[in-house]
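Peer 1: Here you go, one structure.
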Amino acid sequence: MSAGRTFAFAICILEVSVLTAGPTPNYAPEPEQQSGTPLPIDCRMSSWSEWSECDPCLRQMFRSRSIEVFGQFNGQRCVDAVGDRRQCVPTEACEEVEDDCGNDFQCGTGRCIKKRLLCNGDNDCGDFSDEDDCENDPRPPCRERVVEESELARTAGYGINILGMDPLSTPFDNEYYNGLCDRVRDGNTLTYYRKPWNLASLAYETKADKNFRIEHYEQQIQAFRSVIEERRSHFNADFTLKFTPTEAKKCKQEPEESCNGTDSSENRIFRFAYSKNETYQLFLSYSSKKEKMFLHVKGVIQLGKFVMRSRDVVLTTTFLDDIKALPTAYEKGEYIAFLETYGTHYSSSGSLGGLYELIYVLDKASMDQKGVELRDIQRCLGFNLDLSLKDKYEVTAKIDKNDCLKRNEKEIVNIMDGSLIDDVISLIRGGTRKYAFELKEKLLKGAKTVNVTDFVNWASSLNDAPVLISQRLSPIYNLIPVKMKDAHQKKQNLERAIEDYINEFSVRKCHPCQNGGTVIQIDGQCLCSCPIAFEGIACETGKKKIS
């Protein structure tokens with residue numbers, strides 16, 4: 001069986017890690033001890049604060065509360081907002097500051113642009129108001145030169161959330177060009193792309209590298225650490241993960257509306273990501289009741305690199321309006337809602353591409369019984385193949401169906417018969433709807449033959465839907481324009497909000513696990529990852545060795 005796909009990319013890293021309990025004995029549960037099983041703990045929140053004074057400009061008042069204890073041991077998790085608002089009639093007048101564009105043109109969005117940008121065919125205003133009332137044909141900056149819009153450039157600068165959630169929107173208007181026609185050539189496809197104003201540099205680079213790594217872990221928590229290591233290395237964070245927004249009300253209540261800071265479009269590229277909450281909970285649900293081995297397959301494809309401008313960046317009208325809508329007096333709920341929408345940090349530079357990451361849950365006992373080794377499974381899935389760039393950037397993966405047959409003394413074992421691979425957990429990021437949904441559909445149907453062919457298919461779609469795969473981060477509050485009203489105060493408030501955000505959802509609000517278990521907080525619920533010799537919702541049940 002073979003599959004071939006042609007696609008352009010910069011770096012292809014196929015990394016295989018083995019996360020395993022090692023050569024540990026099998027255990028069976030001892031008789032249940034009811035006294036050791038903790039009762040469910042429901043989410044507990046503090047009382048609401050008093051309502052704030054009525055903000056004269058926003059015509060709203062606010063209140064907040066805190067999470068005291070997260071749900072744990074099958075109790076109700078914390079899913080409600082910590083902030084609240086309501087309309088009010090102010091008793092003071094609002095001191096509004098009108099935008100003055102001077103000799104420049106004022107857009108319908110309020111943006112100020114140079115008059116030389118009028119009637120050039122570009123959407124410099126963001127609402128095309130600069131292209132109204134044009135008597136003559138547009139004067140496009142690129143004239144007769146052929147250029148295309150870059151999906152890498154559109155994605156550049158996207159934010160990251162310190163607790164792991166993908167931001168709902170981007171602050172940058174990367175479809176603004178300031179009347180320039182800076183072209184960047186993709187050496188793979190020989191296509192010229194137009195570089196947006198916000199990017200100081202954009203490079204399509206072509207490199208190829210492969211790295212195979214095998215590691216063994218004796219406890220599940222060590223496997224979990226390896227999966228979330230990137231986020232922890234960025235922020236020195238504890239085991240707290242939050243993937244579901246609870247404060248960004250606009251995007252929750254109006255799912256059909258665009259939360260991207262730009263107009264919705266039928267042609268908008270879909271960037272796929274599986275539900276991280278469900279994925280991590282599924283991963284943690286595999287206890288050490290039976291000896292498991294986790295085959296961690298990671299393929300990183302880098303398409304290019306970018307560096308954002310350090311000053312004079314053009315931000316989306318939505319981002320600026322949301323900053324203006326923040327109360328000058330600190331209100332925890334409102335500022336956390338802003339962080340959940342745009343991220344706690346943005347990418348000042350980084351790499352774009354896709355992350356192909358799967359975790360195969362292997363049944364170690366069945367492998368031993370049938371004489372199947374780890375390298376046999378790797379060979380069957382095709383992850384021992386060389387993936388190297390050839391002429392015209394063709395990547396071909398050839399899988400022999402006989403590689404999935406293992407002969408032992410008694411029989412011929414089919415590795416794909418279902419008894420060796422318990423599950424496939426996906427952490428894939430990037431790629432278009434077509435290949436991402438095909439793979440998701442395959443997993444939902446219980447397929448356990450996700451292999452290198454699926455990797456090649458997915459990789460071929462990344463040019464159209466890249467995501468950030470590595471970045472240098474800067475706090476989101478650094479983007480507040482210094483000339484905006486109350487800019488200094490709101491910057492200080494956002495600094496405070498990031499600290500409050502970390503403390504509000506800290507794992508310290510969980511009860512400890514028993515017998516050396518590690519507590520992990522995911523989306524308002526505390527879970528226990530148990531050592532090899534224990535199991536249960538609190539690691540309260542010991543396992544006796546099976547002779």
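Cβ coordinates come from backbone N, Cα and C, glycine included.
According to Swiss-Prot, the protein carries these features:
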SIGNAL    1-21  signal peptide
DISULFID  Cys43-Cys78  disulfide bond
DISULFID  Cys54-Cys88  disulfide bond
DISULFID  Cys57-Cys94  disulfide bond
DOMAIN    99-136  domain 'LDL-receptor class A'
DISULFID  Cys101-Cys112  disulfide bond
DISULFID  Cys107-Cys125  disulfide bond
DISULFID  Cys119-Cys134  disulfide bond
DISULFID  Cys142-Cys181  disulfide bond
TRANSMEM  235-242  transmembrane segment
TRANSMEM  265-272  transmembrane segment
TRANSMEM  374-381  transmembrane segment
DISULFID  Cys380-Cys404  disulfide bond
TRANSMEM  382-390  transmembrane segment
DISULFID  Cys510-Cys526  disulfide bond
DOMAIN    510-540  domain 'EGF-like'
DISULFID  Cys513-Cys528  disulfide bond
DISULFID  Cys530-Cys539  disulfide bond
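Buried or exposed, and what's around them? Tell me for each listed feature.
Peer 2: Classification of Cys43 (disulfide bond) by DSSP places it in coil, neither helical nor stranded.
Under the three-state DSSP scheme, Cys54 (disulfide bond) falls in the coil class.
Taking Cβ-Cβ distances under 8 Å and a sequence separation of 6 or more, the neighbours of Cys57 (disulfide bond) in its chain are Cys94, Glu95, Glu96.
Along the domain 'LDL-receptor class A' (99-136), the predicted structure has mean pLDDT 91.
If you take the C-beta of Cys101 (disulfide bond) and look for same-chain residues 6 or more apart in sequence within under 8 angstroms, you find Cys112. DSSP assigns Cys101 (disulfide bond) to coil, not to a helix or a strand.
Under the three-state DSSP scheme, Cys107 (disulfide bond) falls in the coil class.
Within its own chain, Cys134 (disulfide bond) has Leu118, Cys119 as residues 6 or more apart in sequence whose C-beta sits under 8 angstroms from its own. Classification of Cys134 (disulfide bond) by DSSP places it in coil, neither helical nor stranded.
The Cβ of Cys142 (disulfide bond) lies under 8 Å from the Cβ of Cys181, Arg183, Arg194, each on the same chain and at least six residues away in sequence.
The DSSP secondary structure for Cys380 (disulfide bond) is helix.
The Cβ of Cys526 (disulfide bond) lies under 8 Å from the Cβ of Phe70, Gly71, Gln72, Val507, Lys509, Cys510, His511, Val519, Ile520, each of these being in the same chain and 6 or more residues away along the sequence.
According to DSSP, the secondary structure content of the domain 'EGF-like' (510-540) in residues is 0 helix, 12 strand, 19 coil.
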Peer 1: Run through the Cβ atoms and count how many others sit within 10 Å of the one on Cys539 (disulfide bond).
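Peer 2: There are 23 such Cβ atoms around Cys539 (disulfide bond).
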Peer 1: For Cys528 (disulfide bond), which of these disulfide-bonded residues sit within 10 Å, Cα to Cα: Cys43, Cys54, Cys78, Cys88, Cys380, Cys539?
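Peer 2: Neighbours among disulfide-bonded residues, in sequence order: Cys539.
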Peer 1: Counting across all protein chains shown, how many other Cβ atoms sit within 10 Å of the Cβ of Cys510 (disulfide bond)?
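Peer 2: Its Cβ has 21 other Cβ atoms within 10 Å.
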Peer 1: I'd like the Cβ neighbour count for Cys88 (disulfide bond), meaning other Cβ atoms within 10 Å of its Cβ, all protein chains included.
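Peer 2: Result for Cys88 (disulfide bond): 17 other Cβ atoms within 10 Å.
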Peer 1: Ten-angstrom check, please: count other Cβ atoms within 10 Å of the Cβ of Cys513 (disulfide bond), all chains counted.
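Peer 2: By my count, 25.
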Peer 1: Taking the Cβ of Cys43 (disulfide bond) as the centre, how many other Cβ atoms fall within a 10 Å radius?
Peer 2: 19
Peer 1: Given the disulfide-bonded residues Cys54, Cys78, Cys112, Cys528, which one has the fewest other C-beta atoms within 10 angstroms of its C-beta?
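Peer 2: Across Cys54, Cys78, Cys112, Cys528, these disulfide-bonded residues, the one with fewest Cβ atoms within 10 Å is Cys112.
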